[in-house]
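Engineer: I'd like to ask you about the structure that follows.
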Amino acid sequence: MMAQLVFYVFATVLLLSACMVISARNPVHAVLFLILGFFNAAGLFLVAGAEFLAMLLVIVYVGAVAVLFLFVVMMLDIDFSRLREGFQRYAPLGLCIGGVLLAELVMAFSNWRMVPSGVVAPLPVDPGLSNTAALGTVIYTHYVLLFQACGLVLLVAMIGAIVLTLRDTPTGRRQNIGRQHARTREETLELVNLPLGENVFEQGGFLRPKGSYYEVAVPGSYGAGEPEKTETEEKGA
Amino acid sequence: MAHFFYQTFVGQILLILLETLAVLVPLLIGVAYLTLMERKVMAAMQRRRGPNVNGPFGLLQAFADAIKMIVKETVIPAGANRALFLFAPFLTFSLAMAAWAVIPTGNGLAVANINVGILYLLAMSSLGVYGMLIAGWASNSRYAFLGGLRSAAQMVSYEVSIGLVIVSVLLAVGSLNLNDIVLAQQHIWFCVPMFPMFIVFFISALAETNRAPFDLPEGESELVAGFFVEYSSLAFGLFFLGEYANMILMSSMVSILFLGGWLPPLGIAPLTWIPGPLWLIFKILFCLFVFIWVRATFPRYRYDQLMRLGWKVFLPFSLLWMIGTAGFLMATGLLPHMGGVN
């Protein structure tokens with residue numbers, strides 16, 4: 001009884017959140033309902049005894065894919081009045097597609113025969129194995145080629161995405177850590193031996209003048225003020 | 001009595017409740033004293049005293065802070081999305097608590113000793129992103145939003161390397177059960193043969209919990225306080241509790257995966273007298289000390305450096321190490337038997 005109750009709770013929340021995904025006005029709310037839907041689907045997997053799939057669903061879809069969705073949707077600047085503008089125009093097309101899908105679903109379900117008892121096609125593994133081990137045995141022995149092919153398709157997709165988005169920007173100030181580490185002291189730092197007591201103002205240091213800053217500044221330097229005057233002096237020299 | 005707890009429906013639910021309390025109450029007290037420990041340890045490292053007024057050695061400071069936080073006014077910004085704004089801290093807090101269900105504190109001593117325990121932990125920690133992301137978005141503030149986006153990007157990036165590190169540990173164990181992972185370290189802790197992975201995992205754990213030097217989501221110098229700028233009072237307190245509970249959780253993951261969980265360092269007489277849960281607590285405390293030590297020592301990373309470290313250094317390295325581990329185990333015939341212990 002307990003398992004059935006849990007199943008119905010998960011299934012109800014799943015269906016409700018699926019409805020909310022398409023009916024929510026705010027796209028961020030829609031994505032959050034989608035995530036709730038994923039989560040409840042994982043719960044259904046758990047009830048069915050497929051704990052590995054349940055955890056994987058949460059880790060991959062909820063933890064990674066949906067985060068990227070949310071990322072994009074949160075940054076979108078959506079004008080709702082413009083969104084509703086096209087509704088009249090696209091309604092017939094949408095209805096057509098929806099009708100075709102509905103018809104297909106009805107056809108598929110009317111020809112679906114439920115096998116009354118037990119397993120349809122028993123897994124070619126030892127039934128005593130745990131969920132994860134059984135899945136691993138099937139994937140890595142019987143279907144290893146298909147599995148590798150899937151991996152290859154994903155790899156190609158990943159490389160494609162990187163190639164499409166990677167632009168070489170020569171203007172950016174990119175850090176080259178290797179070069180930074182390869183620098184030596186000689187290239188970057190120069191130590192100068194100054195004779196003691198020279199280049200020090202009588203009235204105090206350059207940074208800490210005793211009197212007013214302008215009074216102690218070297219005549220004609222920037223610190224003395226009146227930049228126009230220094231310019232003319234330079235010209236004269 | 002035993003019949004009531006093990007056979008009847010009400011008894012079982014009562015038992016689960018008691019077990020949950022037995023984990024959560026020490027955890028929350030631990031969180032309270034972790035904040036005190038952080039302040040005391042950092043004070044000692046900076047030659048200060050730290051909190052020393054409330055109670056002997058400042059031991060009541062955590063409770064004083066808690067009371068102060070609770071009695072403050074809850075402020076909800078006018079433009080905020082109220083429901084999500086209040087939901088986010090609850091999500092963060094409850095996820096941080098829920099993850100503790102599978103942590104074994106002794107041989108088989110866990111609230112739920114499930115087959116896919118390590119995946120459950122990974123799932124819970126990956127869900128933690130949502131608390132921050134929702135908080136950042138619902139606050140309707142630019143600083144909070146930037147903080148939320150940063151934390152999401154950071155956590156997703158470092159989860160990848162955490163996943164690969166876990167896979168290389170699992171290759172040597174042959175089971176996803178946390179209990180089996182600890183039992184597999186009876187002869188040698190995994191931090192010895194997999195020392196580089198231990199370091200990678202620890203640094204990723206720092207990034208995953210948004211701790212210094214990776215505390216960019218709340219970088220005070222740029223984002224005021226990151227995703228929880230707009231929060232006050234109890235809502236802020238829930239974030240705070242969740243964050244520190246996550247620190248303890250990550251420390252316990254480090255202890256279980258690499259430091260032998262509840263096992264003593266050597267299986268000889270004086271060490272085996274100390275009960276297992278105490279060993280686990282010692283190891284967690286050690287990890288937490290290093291967390292704090294790192295915070296007192298290192299300056300904050302720049303954002304592009306953080307991403308570079310995650311994707312260009314840790315990811316290839318842990319991938320290579322994983323393949324190396326698999327190859328080594330295959331070549332030496334040490335690969336655990338199919339299906340593991342369970």
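Cβ atoms are placed via backbone N, Cα and C, with glycine included.
Annotated transmembrane segment per TrEMBL: B:12-34, B:83-103, B:115-138, B:158-176, B:188-207, B:223-241, B:248-268, B:274-294, B:314-335, in sequence order.
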Engineer: Compare B:83-103, B:115-138, B:188-207, B:223-241, B:274-294 by their Cβ pairs under 8 Å to the transmembrane segment (B:158-176) and return the stretch that comes out on top.
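Structural biologist: Top-ranked stretch among B:83-103, B:115-138, B:188-207, B:223-241, B:274-294: B:188-207.
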Engineer: Same chain, outside the transmembrane segment (B:274-294) by at least 6, Cβ under 8 Å from its Cβ: which residues?
Structural biologist: 34, 37-38, 41-42, 45, 105-107, 109, 202, 206, 209, 211-213, 247-248, 250-252, 254-256, 259-264
Engineer: Can you work out which residues elsewhere in the same chain, 6+ from the ends of the transmembrane segment (B:223-241), have a Cβ less than 8 Å from its Cβ atoms?
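Structural biologist: Same-chain contacts beyond the ends: 28, 31, 66, 69-70, 72-75, 77, 80, 85-86, 89-90, 92-93, 96, 131-133, 135-136, 139, 141, 143-144, 146-148, 150-151, 216-217.
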Engineer: If we skip the immediate neighbours and take only residues 6+ beyond the ends of the transmembrane segment (B:12-34), which ones have a Cβ under 8 Å from one of its Cβ atoms?
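Structural biologist: Same-chain contacts beyond the flanks: 5-6, 62-63, 66, 97, 100-101, 103, 111, 241, 244-245, 247-248, 288.
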